[in-house]
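Quick look at what Swiss-Prot annotates:
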REGION    1-45  region 'Disordered'
MOD_RES   Ser42  phosphoserine
MOD_RES   Lys116  N6-(pyridoxal phosphate)lysine
BINDING   Asn146, Gly253, Thr254, Gly255, Gly256, Thr257, Ser346  pyridoxal 5'-phosphate binding site
MOD_RES   Ser196  phosphoserine
CROSSLNK  Lys208  SUMO cross-link
DOMAIN    414-474  domain 'CBS'
Amino acid sequence: MPSGTSQCEDGSAGCPQDLEVQPEKGQLEKGASGDKERVWISPDTPSRCTWQLGRPMADSPHYHTVPTKSPKILPDILRKIGNTPMVRINRISKNAGLKCELLAKCEFFNAGGSVKDRISLRMIEDAERAGTLKPGDTIIEPTSGNTGIGLALAAAVKGYRCIIVMPEKMSMEKVDVLRALGAEIVRTPTNARFDSPESHVGVAWRLKNEIPNSHILDQYRNASNPLAHYDDTAEEILQQCDGKVDMLVASAGTGGTITGIARKLKEKCPGCKIIGVDPEGSILAEPEELNQTEQTAYEVEGIGYDFIPTVLDRAVVDRWFKSNDDDSFAFARMLISQEGLLCGGSSGSAMAVAVKAAQELKEGQRCVVILPDSVRNYMSKFLSDKWMLQKGFMKEELSVKRPWWWHLRVQELSLSAPLTVLPTVTCEHTIAILREKGFDQAPVVNESGAILGMVTLGNMLSSLLAGKVRPSDEVCKVLYKQFKPIHLTDTLGMLSHILEMDHFALVVHEQIQSRDQAWSGVVGGPTDRNNGVSSKQLMVFGVVTAIDLLNFVAAREQTRK
């Protein structure tokens, strides 16, 4: 892939895999303790790539690979990365009324179960080739999980220490696989901005600065990311389709997959239309109007970001579509039940968009969809009916016999006014309050009453014992944002589903609030004054536990006798 050589700050030439590059000016921040500098490189730095359509390969400064056939006996499992199958989609295509041929590139057949195996191996081998990564070194990577699994897999085979930093949102299946591969795992708050020191990116850079001979391969900036798809994935697609591809549909996370494949297809199939998929709540799509939504969170993992990664070349995408959780999980389940493809949620995102975008294609034309990962990582999520019901993605079957209380509303419970805590209260004081009142958890709210998160006695005590916080630290440092909200109008059946998985649920109601009265999204941050613009805020009504539900049912049972 023709690309300009990026210049490091010390003047040496190299690509992002030259990992000892110094942060650019403006990227040093004072720490909370005073003059301590925060050393990091932002994952959205401007790209220096000079790839242009039509520019000869000889101009490329990069090392390029050529797809090879696998031997009958593989020397190690890393040779099982790549050469994934192309499968015709039959029933979904027919039901959608498509005239064109719909094909799926099944990336979950890679050794580690996802498309990210390709870039993980490529980043490591390019760093080894450059002499940056040496035996005994440590690999650190901020990731949503799949890149981490790919890196941990390669590190296990090659003998590197591997530390993976990922948000709390990501599934426990990913955590379990990473641990089994020998990786060390650090979890970070899901809602932390990418440029926050508490984000998965920020924590990874802090670890890199503390651990000798450690490297962040940096999938967000590393040219090896799109190169893996330019050299291999795209060539496989062209070979499997005999050079005939009329449309490609791919979701975007770091953007390396869609960038690398699109650049090669634009060179070899000039008429091929590239369709990008970006979830609602992410900002990767263009034009910018597509990203305007009140939604900031989504359940689908591995795609979408709140920044534009360096490796994403949006110029090669002809059109963007926004995906949503409902369609994504519905189509992921359809791919499993109707096509037998055991894929993950982001595969559903891509397929949901593909059946819309491919409506414009005619008979004899061909649409290829990238299915990024497998269902293995989501057994407790969208594959679970309970999880789908709890999240509101499925409706209860009315024909199923339920207890007498199942369809009663949450408002039937006699909930007392909740104990709430301000984010500036210390951990020590909060623990004392919870113990005095006999509570295990409490909502943390700002001065106007909007919910910032939850704090639990167990989480605070474990954080104190692990040395992550001090007793004098503000409680906002141990904030838990993965709470399950429920409304007064929701059923006790829905509450029951939540309490099967969690110790408590937060009963909330929405309130329209002027922004000059509310704090910003940063926990413990200053007042966000924005010309009185109004927005919806979640306000706490009460906290309900399994004991509350059992007491209600038991009391009503007595009166029913």
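Here the Cβ of each residue, glycine as well, is placed from N, Cα and C on the backbone.
Here the features listed in Swiss-Prot are placed on the structure.
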| residue | record | DSSP class |
| --- | --- | --- |
| Ser42 | phosphoserine | coil |
| Lys116 | N6-(pyridoxal phosphate)lysine | helix |
| Asn146 | pyridoxal 5'-phosphate binding site | helix |
| Ser196 | phosphoserine | coil |
| Lys208 | SUMO cross-link | helix |
| Thr254 | pyridoxal 5'-phosphate binding site | coil |
| Ser346 | pyridoxal 5'-phosphate binding site | helix |
The residue listed as 'N6-(pyridoxal phosphate)lysine', number of other Cβ atoms within 10 Å: 31
Residue from Ser42, Lys116, Ser196, Lys208 whose C-alpha is spatially nearest that of Ser346 (pyridoxal 5'-phosphate binding site), among the recorded positions: Lys116
Rounded inter-Cα distance in Å - Thr257 (pyridoxal 5'-phosphate binding site), Lys116 (N6-(pyridoxal phosphate)lysine): 9
Per-residue Cβ crowding (10 Å cut-off), top of recorded positions Ser42, Ser196, Thr254, Thr257, Ser346: Ser346
Inter-residue C-alpha distance, Ser42 (phosphoserine) and Gly256 (pyridoxal 5'-phosphate binding site) (nearest angstrom): 17
Rounded Cα separation (Å) that holds between Thr254 (pyridoxal 5'-phosphate binding site) and Lys116 (N6-(pyridoxal phosphate)lysine): 10
Residue from Lys116, Ser196, Lys208 whose C-alpha is spatially nearest that of Asn146 (pyridoxal 5'-phosphate binding site), among the recorded positions: Lys116
Cβ-Cβ neighbours of Gly255 (pyridoxal 5'-phosphate binding site) (radius 10 Å): 29
Rounded Cα separation (Å) that holds between Gly256 (pyridoxal 5'-phosphate binding site) and Lys116 (N6-(pyridoxal phosphate)lysine): 10
Spatially closest candidate among Lys116, Ser196, Lys208, the listed recorded positions, to Gly255 (pyridoxal 5'-phosphate binding site) (Cα to Cα): Lys116
